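Quick one: this structure, given as structure tokens, is what I'll be asking you about.
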Amino acid sequence: MAATSTTAKADPSGPGDRVLTAAQMRAAEQHLFQHGVDSFALMCGAGEAVAGHVARHWPGRDVVVLCGPGNNGGDGFIAAEALRRQGCGVTLLALRPIEAYRGDAARAAAGWQGQWLALDAANLETAVQPNALVVDALFGIGLDRSLDGAAAAAVNRCREAGAMVVAVDMPSGVSSDTGLVMGAAMLARQTVTFGWLKPGHLLLPGRLHAGALEVVPLAFDEASGRAGQQAGGPDIRCNGPASWILCLPRPGAMDHKYSRGHALVIGSAAMSGAGRLAARAARRIGAGMLTVAAPAEALPLFMADQPGLIARPLGRPEDLVEILLDSRISAVLVGSGMTPDAGTREAVLNALAGGRPVVVDGGGLTAFADRPQDLFVLGRPDVVLTPHEGEFARLFPDLGPELGKAARAQQAAQRSGATIVLKGSDTVIACPILRHDGVSGRVLVNREASPHLATAGSGDVLAGLVLGLLAQRMPAFEAAAAAVWFHSEAGFAAGPGLIAEDLPEQIPGIRRLIAEV
Ligand SMILES: NC(=O)C1=CN([C@@H]2O[C@H](COP(=O)(O)OP(=O)(O)OC[C@H]3O[C@@H](n4cnc5c(N)ncnc54)[C@H](OP(=O)(O)O)[C@@H]3O)[C@@H](O)[C@H]2O)[C@@H](O)CC1
Ligand SMILES: Nc1ncnc2c1ncn2[C@@H]1O[C@H](COP(=O)(O)OP(=O)(O)O)[C@@H](O)[C@H]1O
Ligand SMILES: [K+]
């Protein structure tokens with residue numbers, strides 16, 4: 001079967017922007033088989049696509065192909081034979097003797113016309129010379145335990161030799177569902193994958209092991225992708241405008257400042273900067289009106305900083321309840337820059353009781369570390385929790401990294417009933433609303449963000465962006481995802497030397513750019 005390959009830069013995630021787990025991928029594959037696609041033809045398409053990729057990027061180079069025990073190895077045999085026929089010098093090392101292969105992989109192995117070498121330490125040392133070009137076809141989506149023995153030795157040898165590795169489907173050793181390294185993992189320059197991206201290509205550290213990604217659709221289409229996701233697990237996609245642009249607020253001729261959205265930031269005296277940054281971000285993303293409620297001594301700071309906002313004193317807890325009587329307030333941010341204590345807890349609970357969409361950030365999350373159930377407001381998907389890893393671990397101590405970031409965020413969303421933004425360089429946004437088509441929720445993975453965002457106050461800006469979009473009545477999951485996307489774009493736009501104060505100022509330019517989308 002001829003493989004069609006895509007190398008789209010803007011969104012290389014294949015048909016749609018789905019991201020499939022290993023189980024979903026297998027279900028998508030079954031869907032194809034039920035509709036007459038031949039499994040060996042699919043493997044041939046995969047192997048030939050890898051060979052085509054290698055020939056395009058390194059024309060005329062000798063190549064070492066490492067074949068594992070299953071179908072990933074099968075793809076390797078097909079690629080090796082295709083390259084050999086093109087006149088490439090190919091050395092092939094296999095983890096199994098030829099007679100031990102089964103199914104399509106056995107058929108692919110039987111088609112290899114070159115020499116057969118065992119994948120062992122001695123052969124690795126001879127074959128993988130410094131700067132060798134290596135096709136890693138050891139393990140793909142079937143990896144289910146840590147690499148050891150010869151497979152681990154292959155990873156080490158490639159690393160020692162500074163080999164340029166092209167990974168087939170997954171860099172071997174990276175879990176396709178979690179992006180976690182199992183024992184040891186190939187550090188690939190490039191990864192050629194099939195059908196759709198897998199979470200492990202996007203989540204850390206897998207993203208760093210995968211290098212540049214090429215998605216080859218093969219025979220996979222929208223119907224098989226949908227069938228794959230409906231077989232179980234969440235609908236995972238890459239975060240981008242396609243996921244939320246239709247509900248991005250746009251002011252119209254009939255709008256006035258209140259109708260555009262009135263956001264409320266609960267500020268603190270100890271760290272007023274957090275609320276100030278959030279307020280500025282909420283206004284830059286389009287909230288028509290912004291009120292800060294903060295201890296009286298902090299109010300002059302807010303007012304001097306931003307003449308366009310309204311400041312109201314917050315002394316007693318009842319003050320917040322009174323402020324929330326104003327029905328024009330359309331969303332609330334609580335927790336940024338607040339100390340994690342009983343007073344903050346009360347402010348969060350009062351904000352939630354106000355019945356508006358609420359963003360809970362920073363100290364507002366940690367204040368519930370010893371009683372997370374009190375924060376979990378089942379049936380309130382308009383509540384957005386924005387934890388970084390530390391805050392997440394305090395609220396969901398049992399949802400550890402071993403589950404993978406996509407699954408952790410999804411389970412946290414379902415447990416809390418809230419939209420979850422699990423921050424980091426690979427921020428994941430999860431929706432608590434279950435669907436009725438067998439898909440257990442929606443998850444978006446932000447592809448990449450500027451590491452310059454790792455600076456104090458950057459999270460406060462993100463919280464403010466979510467607030468500003470919620471205030472404009474954008475649904476919470478979409479608001480959270482759009483905010484994360486704007487935030488990472490702002491990080492790239494500001495670039496080196498970025499400080500949190502720069503981020504809100506980048507928003508209008510980015511907003512203008514996507515107005516045309
Ligand atoms: N679906 C698709 O889109 C397409 C799929 N295609 C290709 O098929 C690949 C999936 O093939 P696969 O299912 O045979 O799994 P694969 O990754 O080769 O692992 C093989 C076996 O290794 C074992 N094993 C696991 N971990 C281990 C470890 N650490 N150390 C040692 N052994 C370990 C484990 O078997 P076990 O030993 O448990 O019996 C496992 O079953 C996919 O990635 C893609 O390249 C394309 O051809 C066409 C499109
Ligand atoms: N290495 C990184 N690469 C990209 N984005 C990052 C990185 N580290 C942090 N971020 C982003 O920066 C923000 C930091 O938020 P947070 O940890 O709450 O900081 P703060 O509380 O100081 O504002 C988050 O949006 C996070 O996703
Ligand atoms: K591989």
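Note: Cβ is positioned from N, Cα and C throughout, glycine not excepted.
Straight from TrEMBL, here's the annotation block:
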BINDING   71-75, 140-146, Asp169, Ala274, Gly337, His388, Asp460  (6S)-NADPHX binding site
BINDING   Asn72, Asp136, Ser172  K(+) binding site
BINDING   Lys423, Gly424, Ser425, Asp426, Thr427, Gly459  AMP binding site
DOMAIN    25-226  domain 'YjeF N-terminal'
DOMAIN    240-514  domain 'YjeF C-terminal'
Please identify which of Asp136, Asp144, Asp426 has the densest Cβ environment, defined as other Cβ atoms within 10 Å, among these binding-site residues.
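Counting Cβ neighbours within 10 Å, the top one is Asp136.
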Starting from the Cβ centroid of Lys423, Gly424, Ser425, Asp426, Thr427, Gly459, the recorded AMP site, name every other residue in that chain with its Cβ within 8 Å, sequence order please.
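Nearby residues not in the site list: His388, Leu422, Val428, Asn446, Ala449, Leu453.
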Measure from each Cβ of the binding-site residues Asn71, Ile141, Asp144, Gly424, Asp426 to the atoms of ligand 2 and list the residues where some distance is under 6 Å.
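List returned for ligand 2: Gly424.
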Quick check: of the binding-site residues listed here (Lys423, Thr427, Gly459), which one has the Cα closest to that of Ile141 ((6S)-NADPHX binding site)?
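Out of the listed candidates, the nearest Cα belongs to Thr427.
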Taking Cα atoms as reference points, rank the binding-site residues Lys423, Asp426, Gly459 by distance from Asn71 ((6S)-NADPHX binding site) and give the first.
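Nearest candidate: Asp426.
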Around ligand 1, within a Cβ distance of under 6 Å, which of the binding-site residues Ser172, Lys423, Ser425, Asp426, Gly459 show up?
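The binding-site residues passing the 6 Å Cβ test: none.
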What Cα-Cα separation, expressed in whole Å, is found between Asp136 (K(+) binding site) and Thr427 (AMP binding site)?
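Thr427 (AMP binding site) has its Cα 28 Å from the Cα of Asp136 (K(+) binding site).
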Can you tell which of Asn72, Ser172, Ser425 has the most other C-beta atoms within 10 Å, given these are the binding-site residues?
Ser172
Of the binding-site residues Gly74, Asp144, Asp169, Ser172, His388, which one has its Cα closest to the Cα of Lys423 (AMP binding site)?
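Going through Gly74, Asp144, Asp169, Ser172, His388 one by one, the closest to Lys423 (AMP binding site) is His388.
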